[in-house]
């Protein structure tokens, strides 16, 4: 992988991580288009550059995070099922699911259909306008939804936003909770993967990781702000249809 390829993947990560469209699917597809082989380092790179996206959320929500204990209670409640399931299924995810093209295609298309239906449901039944109004048991259930995102192509943000809407959060608040829940979830996943890999990267690989990190950070800052403004006057259905389209494109590249 070259430096400019790391920049492109960093931009793709920053755009797709917090939108309900699957960052994993987009990174795999982009890497294929760029001619990047899906080596162990590339797999670790795709996970590690998520730290840049995490930092963007920390920067944007820093004041709220250090002052609002009620939000942290809900983040922790939602993280519990995700942490347990992610830890138990790490080897399966790393060894089989990551790189399985059929799994990604099915996840993208099925996830798009579910997102469309969930958004329609939310038009009538989403009534909570603040994360602090969310009961802890419902926060836990959102974490269960997030656990499904261990399957490549599902989308962590997509599953948590869908879970949030089904638990009664309006679109904007569901998206915000998804952003906040990303902090412990993505940090844990990235750290665990780096420990498992032994951090055994050479100087060139570390340089590529840093470039991807910085690029994803800057891109995510812009995308998070844009997405929240978008949700003030738009639904999520467009992302559902986009997932179906990109799933078909992915299938054309990898399955036919």
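In case you wondered, yes, glycine gets a Cβ from its N, Cα and C as well.
Note that the coordinates shown come from a computational prediction; the quantities given were computed from them, not determined experimentally.
Features of the protein shown, as given by Swiss-Prot:
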TRANSMEM  8-28  transmembrane segment
TRANSMEM  41-61  transmembrane segment
TRANSMEM  75-95  transmembrane segment
TRANSMEM  96-116  transmembrane segment
TRANSMEM  175-195  transmembrane segment
TRANSMEM  208-228  transmembrane segment
TRANSMEM  236-256  transmembrane segment
*With Cβ distances under 8 Å as the criterion, find the stretch in 8-28, 96-116, 175-195, 236-256 that has the most pairs with the transmembrane segment (41-61).*
175-195
*Determine which residues of the chain contact the transmembrane segment (236-256) at the Cβ level, with the cut-off under 8 Å and only residues 6 or more beyond its ends counted.*
19-22, 25-26, 28-29, 32-33, 101-102, 104-109, 111-116, 118-120, 153, 155, 158, 161, 171
